[in-house]
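So that you can see what the record holds, here are the features copied from TrEMBL:
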BINDING   B:Ala10, B:Gly11, B:Leu12, B:Gly13, B:Thr14, B:Val15, B:Gly16, B:Ala17  NADP(+) binding site
BINDING   B:Lys107  NADPH binding site
BINDING   B:Glu192  L-homoserine binding site
ACT_SITE  B:Lys207  active site, proton donor
DOMAIN    B:351-426  domain 'ACT'
Protein chains: 2
Amino acid sequence: MTRPLAIGVAGLGTVGAGVLKLLRDNAGIIAARAGRPIAVTAVAARDRSRDRGVPLDGLRWYEDPVALAGDDKVDVVVELIGGSDGPAKGLVEAALAAGKPVVTANKALLALHGGALAEKADTAGVTLAFEAAVAGGIPAIKGLREGLAANNIARVTGILNGTCNYILTCMRDQGREFADVLAEAQKLGYAEADPSFDIDGVDAAHKLAILAALAFGRPVDFSAVHVEGIRNVTALDIKLAEELGYRIKLLGIAQAVDGGISTRVHPCMVPVSHPIAVVDGVYNAVVAEGDFVGRVVLEGRGAGAGPTASAVVADLIDIARNRATPVWGASAAALSNTPAVPMDQHTGAYYLRLMVLDRPGVVAEITGVLRDHSISLESMIQRGRSPGEAVPIVLTTHDCQEASMRGALARIAALDSVLEPPALIRIESL
Amino acid sequence: MTRPLAIGVAGLGTVGAGVLKLLRDNAGIIAARAGRPIAVTAVAARDRSRDRGVPLDGLRWYEDPVALAGDDKVDVVVELIGGSDGPAKGLVEAALAAGKPVVTANKALLALHGGALAEKADTAGVTLAFEAAVAGGIPAIKGLREGLAANNIARVTGILNGTCNYILTCMRDQGREFADVLAEAQKLGYAEADPSFDIDGVDAAHKLAILAALAFGRPVDFSAVHVEGIRNVTALDIKLAEELGYRIKLLGIAQAVDGGISTRVHPCMVPVSHPIAVVDGVYNAVVAEGDFVGRVVLEGRGAGAGPTASAVVADLIDIARNRATPVWGASAAALSNTPAVPMDQHTGAYYLRLMVLDRPGVVAEITGVLRDHSISLESMIQRGRSPGEAVPIVLTTHDCQEASMRGALARIAALDSVLEPPALIRIESL
């Protein structure tokens, strides 16, 4: 065996400690599969006194992560600090500039600065690897970028945020409301104290931007992603969805459509018979549809120390074996310039739930507005009767344009007989 | 871009023609992802006159596939002839001896001769790639060997034969018997004229032997795999399984157990809530459980021209990019010698269906035999009453040893009141 690959790890939170533990616990098989031992020689973190559950004796310690890039005895830099800017970006840039391969779990960094960083990696002729940035332990980047590389991809669909999937699964199983389940998830440590990155869909959108760039061979474009979170999903909508044969999931979808590529993250109704409908709790899934391979589903744990460390070390083994792939699957010159298609031009079916005053003529008013916007109904359900009180009306539409639906919705929301803001959830025919 | 990677394809059946079509249809993205064009320059097949749906003009043609290995203008040999010996083996050996990388879809060849071929590839310092040999278009080899490389794998479970899964799915959905569905599948081209390789579990066992070697880092050992097919599965057992909360699937399972590694292919009852239970029709799935990553499920089309070609070309792109991995994930010296554990030592739960004469004392006789073999019952159902006639009795057991169960079964089968050979299906707690 050749000499060990020397690793510097920046960030010793849950994931950083997990990587150290994995490299120690599975050192034997990792060395066999990497063709050489992989050894941590330096770390960067602020608090030297905290017990991280792994011994740190004998490792060089940096308080400034960027200094790690300058350590002559570090072959590969592992960035686990997080955040799209600041020290994480500084460290990755410094490491690439020093000609060192980088492994990162940082989805925000890749989604926002992935184009520029890929150029730097390309110029330096070193690897910038990020399997852990999308879908945790699932080999989604490798599966898509290498495993399905021969295919034109028509669509990539993902359950990309475990916190949201956990909350939606609890809401369904226990018939509870969003705020209630979120509070519990925060107590259990499944949701952050400030949960907005997760529940507002931003985290999923970072990951989707990365998957879309890989699937369609185009520069990463986070700003093009339409993003909605799950704050407005109610237990009632989940129950009504089940009655209609659907499950509500927060999906990220990147799709080839007329005029270019559409990328969007929002709650979706998916048929219960689709494999993604039964991916529950903290599990993530990535579904890719290729012209030759057909549908491929990859499912596993999307977060946590163990799964994320598994992905980080897989990248390190690739580097140890000299297995290299351009950041975005092809050289910058070979990427396409297919335009992004804005959400206004989205075409699809919709679920619309309205709380209306139970009085004659209400349905006629609402369906009249939909007709005015050329929206054709697939079904209408008015459950229960309470004359003079609020009752839910559920409408599902055939395919129509997002812009028409938005126009109709504004008018419907303004009707006297409509008592609450309408709930709109897109129906995906996966 | 550098000069094209020149490919020689041996075998122009469905898969061979699919590879040529894929390389032609998706030439642009393949070149971008491979960093250079991939071009077929020579082929080997017997019948020059057959229309294969792809133009073959300008390609050098060999009637003897082994001669392809000697073509100076061929950089990589693609073996799609099939069969564990004969010309397929001859070609692969000749190509490796000539220092040429080989891509093959040949599971039988890898399962039976994979150890010796890996040594030849290692000696020559070239790649022997076989993504297409297991689970068609699913990046299962790449996922397991690279994506999950940092993990100790506890168990790999797979639906590895699309023909069997299709037949079992039809039997369940339509309440039909095996022979009837098989005959139809043969007419539709989903099953071979001689279906025994598929339905007797041999094909799945080849694939499982390969997965087991990769998962546990040990030499491939087809002879250790316990193999049973699906000929004896009845519509009644499938119906009773549903009532008990199970689906019947033909699974390949490689598992770390006391004393070593157990590898087996047989019909299993799996809980309907497990992701593998809902993988239906011609879809395959591979489930790996790693110590850090947890459970990862990979699902997709397990056979057919498109999915298989997708996997073959993924291997070619790896070769074009110089991404190399030892055949069995580590060098021969780094493989372990964990012993194989024979099926007699298998421990698990069982479903047992007996057709018995409906008369007093029968249940006491049967449960007495089970007690004599230290087998503890979980449930017993006797459905319907027809005094003096045949009625089914269904028993499920707690975990017990295969050897005990076999002993008990022989005695039960010999009882006067037991009218048909007992049906035994293992219950997997996945």
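The backbone N, Cα and C atoms fix where each Cβ goes, and this holds for glycine too.
TrEMBL annotations: computationally assigned, not manually curated.
Annotated features, which come from TrEMBL, shown on the structure.
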| residue | record | DSSP (3 states) |
| --- | --- | --- |
| B:Ala10 | NADP(+) binding site | strand |
| B:Val15 | NADP(+) binding site | helix |
| B:Lys107 | NADPH binding site | helix |
| B:Glu192 | L-homoserine binding site | coil |
| B:Lys207 | active site, proton donor | helix |
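Ranking the recorded positions B:Lys107, B:Glu192, B:Lys207 by the distance of their Cα atoms from the Cα of B:Gly13 (NADP(+) binding site) places B:Glu192 first.
With respect to their backbone Cα atoms, B:Ala17 (NADP(+) binding site) and B:Lys207 (active site, proton donor) stand 23 Å from each other.
Its Cβ placed at the centre, B:Lys107 (NADPH binding site) has 27 other Cβ atoms within 10 Å. The Cβ of B:Glu192 (L-homoserine binding site) has B:Thr163, B:Gln186, B:Asp198 as same-chain neighbours under 8 Å, each 6 or more residues away in sequence. If you take every residue in the domain 'ACT' (B:351-426) and average the pLDDT, you get 94. For B:Thr14 (NADP(+) binding site) paired with the residue listed as 'active site, proton donor', the C-alpha to C-alpha distance reads 20 Å. With respect to their backbone Cα atoms, B:Leu12 (NADP(+) binding site) and B:Lys107 (NADPH binding site) stand 17 Å from each other. Measuring Cα to Cα from B:Lys207 (active site, proton donor), none of the binding-site residues B:Ala10, B:Gly11, B:Val15, B:Gly16 fall within 10 Å. The NADP(+) site is set by B:Ala10, B:Gly11, B:Leu12, B:Gly13, B:Thr14, B:Val15, B:Gly16, B:Ala17; from the centre of their CB atoms, other residues of the chain with a CB within 8 Å are B:Val9, B:Gly18, B:Val19, B:Ala45, B:Arg52, B:Leu80, B:Ile81.
Taking a C-beta cut-off of under 8 angstroms and a sequence separation of 6 or more, B:Gly11 (NADP(+) binding site) has the following same-chain neighbours: B:Ala44, B:Ala45, B:Pro65, B:Glu79, B:Leu80, B:Ile81, B:Gly82, B:Ala88. Fewest Cβ neighbours within 10 Å among the binding-site residues B:Gly13, B:Gly16: that distinction goes to B:Gly13. For B:Lys107 (NADPH binding site) paired with B:Ala10 (NADP(+) binding site), the C-alpha to C-alpha distance reads 16 Å.
The Cβ neighbour count for B:Ala17 (NADP(+) binding site), using a 10 Å radius and every protein chain shown, is 22. Cβ neighbour count for B:Thr14 (NADP(+) binding site) (all protein chains, 10 Å cutoff from its Cβ): 17. With a 10 A radius on its CB, B:Leu12 (NADP(+) binding site) counts 24 other CB atoms from all the protein chains.
For the domain 'ACT' (B:351-426), the DSSP-based tally of helix, strand and coil residues reads 23 helix, 28 strand, 25 coil.
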